[in-house]
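One structure is given here, and the rest of the page talks about it.
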Amino acid sequence: MTRKLITAALPYVNNVPHLGNLIQGLSADVFARFCRMRGYHTCFVCGTDEYGTASETRAAEQGLSPAQLCAHYHALHRDIYQWFDLSFDYFGRTTSDAHTELTQALFRHLDARGFISEHESAQAYCLHCARFLADRYLRGTCPHCRNAEARADQCEHCGVLLEPETLLNARCVSCGTAPEFRPTRHLYLNLPALEKAYRSWFCTTNHLWTKNAVRMTEGWLRTGLQERAITRDLRWGVPVPKAGFEQKVFYVWFDAPVGYISITKCGTEAASSQEGGGTDDGVKEKWQSWWLDQQDVELVQFVGKDNIPFHTLFFPCMLIGSGQRWTMLTRLSATEYLNYEGGKFSKSLGVGVFGSDAKESGIPSDLWRFYLLYHRPEKSDAHFTWHEFQERVNSELIGNLCNLVNRTLTFVARTYGGVVPAQDGARSTRAQVMEETLALREAVRNTAKRMTDLMEQVQLREAFREVFALSARANKALQDGAPWKTRAQDRERADALMRELCYVIRDVLILAHPFLPWYTQQAARFLGVQLSSCAPEGGGAVCAAKKDADTAQPDTVQPTLRWSDVGERKGLTQVHPPVILFRPLETETIAAYRARYAGTARDGAGVSVPRTAQMPTGMNKKETDAQQKKEEREMPPPSDTARLSAFFSERVVLKVARVLQVERHPNADMLFVETLDDGSGVERVIVSGLVPYMAADALRGAHVLIVDNLQPRSLRGVRSCGMLLAAEYVDAQGTKAIELVQAPWALPGERATLASAPPVITPHGSAVIDADAFFSVPIRVVNYAVEVAGEPLMVGGRPLVMQRVKEGTVG
């Protein structure tokens, strides 16, 4: 298809985006620039997701109205994305009138066709504020880690998912009053009624999605779709246009995806206004030309893995259920997580480098783009570290690509007076000169073909690395040819090499332009050409009168190059003396940046958190010190192998259990509820997050290893007694997978012990340990063998051995 409708996941406006949040926008920008350079009619939209409880609560904390807060953060997001050179055709908001109209219209279509139902449920209610409390309006003490500021849906200190009724000392965040639970009625999207039609559509399109998206969506479908609430008792949101529900708003998951449509509509209206005309019908026709009754539009969406089901399942079901012929998802690129210095980014805790930090760091935006795209987490989680940032920038970007440009063009400027040599090696009568020239051209041709295929498949990281492989090949040709030595004796060979390298540089800059728009445009000027990744002439899309740095006009009219110009060998005549565009990152500077933007300490679970967040609100220093001493008594020093072994043998009970039954969690789509025979005579229930990784049938009958004496906890309303042990690996397709630790030869109840200990059957009811104590003893996979403190784990005299995981950590 030659029409590309490209979206990046709508960022939520409750804080500044961090580097991990920027991955989707950067990825979509690279693909949009590539599409424009290929001549595709392209529309690239994004915007801020502004409704919901997070905006309401954050606004209340800052003494602002939700509208004021959203306006502030919308402008902040817009400025950050502009600094990162994201070439949106339009960047909008979900608080527009168009968004409300389209969301309500979509709801009315669903309701009229019988896909909306009503149900009653219990919800926390504040008597003082006289309102129901959504998750973020209710806080209390986490029953697991005793963090006194846990939200009703999740504790950010220990990461455990919670239910409102499990909070200890629950209170309204606005007034501090303890809530009561009252019945309330809500509207639901009847997904079961849409499942047949959805499955039919899913089977025809998912081959163009990333593996993680397919796997996660299949996990939702295995046990059948469930009805999902679409309304909330809030004020800040799209009002529900239905009698009896006028005081409610739509759940943000329902209205946010409609933002892609409403932002496109706002963009076309803005473009029409700037063009000085256009009737209402013309405006409608423009946005409809992208979203309604179009067979030639390919919808390509970029999201993080936490947003997968909203784009692959819920939004498509909404569109299918409306009965209208909407443009449906064609290709989905879902990335894994980008972590920070061994920990996690956190908007609310302020952990990691944020967009505003990058902007203020003095480091050019293309250096950030380079690293984030070079390490794009396509198939597994990636990690940002300052050390590797420095290494990659200095060695690959500056030492490889920039070095090729500067060395080659400086030599031509000085030695040839800035005139590109006329000697075409492909026409030489000398075999050596011809072969060297044709070898470089073949390298360019092969790289361009591989990159084009990879870019069309949205495998951006591998495509980007092809640029540096070609650059390294050209650097080697320059070094081997050594024209500064050979030119006096072999002028023809030196001239042919330098001419060809000038064209190779032009090719490299074209191929790298979607990734590094500022650098490649500036470097292209040294060759007297310019690059373009803006909308094609007359394309329109939803282009406002936008003028990026990469599209700025030079002093004189110059040839504009596109993707199809790679491999062409005409048009270069002059070389301007190059200037240094990037300086290497110095070790001292990087150390200062790391200290400046870290400001973190390690909590007991190994999660990086700000020092100011280490002491949960409500615990004084004496209580915190006492808790720390208790943890120190329970957790052995990790460097003490003997004590690790002793602690494991005395405190940690791992034993075999047979999986009897597997069901989907009634309140959590990504969780299984397993019933197991653990040899005690009483069935055990464990909740696990294995839905995205394996089918229920793969679990049934398995003899798995469980943590027998782990402190029970409630996960979304189901009490979980223990934990299944598993390890991560990357499968043959390069995607993350999970392998369970199993002992098929063993009986239920048989305990796993260190090789030096005798096998035993553990009595039911051993002393419980918490998660921190369990994870303080690393269980590792070393050459397929499961070990603790360097000693093999055994069951029934046989070692535990993984089938797929060669090296890794068990948890």
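Each residue, glycine too, has its Cβ placed from N, Cα and C.
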Quick check on the annotations: Swiss-Prot lists motif ''HIGH' region' for one of 11-21, 231-241, 748-758. Which range is it?
11-21
Within 10 Å of each Cβ, count the other Cβ atoms and name the one among the binding-site residues CYS155, CYS158 with the highest count.
CYS155
At a 10 A cut-off on CB-CB distances, which of the binding-site residues CYS142, CYS145 has the highest count?
CYS142
What average pLDDT does the predicted model assign to the domain 'tRNA-binding' (648-753)?
87
